[in-house]
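Novice: Before anything else, here's the structure in question.
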Amino acid sequence: MSLGLVGRKVGMTRVFTDDGDSIPVTVLEVGGNRVTQIKTDETDGYTAVQVTFGTRRASRVTKPLAGHLAKAGVEAGEIIVEFRIDATKAAELKLGDTIDVDLFSVDQKIDVQGTTIGKGYAGTIKRYHFSSGRASHGNSRSHNVPGSIGMAQDPGRVFPGKRMTGHMGDVTRTVQNLVIVRIDAERKLLLVKGAVPGAKSGFVVVSPAVKAKPQVAAAA
């Protein structure tokens, strides 16, 4: 895994190209990541860097976490995220370093992870796009029910994983291969083409795309 940034989803807007085309973008505030811990193979069994984002009052920080941050000399943040990196990259970092938006570049493809908006308890039609039953013609009380969920006498049970009603949303999702349209270094903002999981002010983790296809140069 490559080094990335953790931040917050600001919202959506649009930007215009020089040709006048409108591009929908999501604004991400991702600057000011502080290094709180550097893990190595010798001490932890793997190599990674731990960063924090945002600010938190000292009264809202647990004593174990306060000691952990004091050791790094870092101000308490709202969230802590870990990125797996190689030993060469880890050697370039030290406790207290700040990682900003200059980690990325315009037109770079990234993966963005966030927590989807919770929808509460939902039925199978909303949750899994099941078809509803007939409105009439013999159907009186089965308009929005999922239908049969079982099998015959053998196996005589409902298989695990059967799509049924339940809590919808509020799960971690990753959108891959989003393109960075603009970078506002002064305000530490990334403008990413397309939608990103989660509500406004929700935390997001931004990292270089793992499935990005190499750009092929156009033939002369």
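Glycine residues also receive a Cβ, built from the backbone N, Cα and C atoms like all the rest.
Values in this document were obtained by computation on a predicted structure and should not be read as measured data.
As listed in Swiss-Prot for this protein:
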type: COMPBIAS; residues: 133-145; note: compositional bias 'Polar residues'
type: MOD_RES; residues: Q153; note: N5-methylglutamine
type: REGION; residues: 132-153; note: region 'Disordered'
Novice: Once the chains shown are all counted, how many other Cβ atoms turn up within 10 Å of the Cβ of the residue listed as 'N5-methylglutamine'?
Specialist: 6
Novice: What does DSSP say about the residue listed as 'N5-methylglutamine': helix, strand or coil?
Specialist: coil
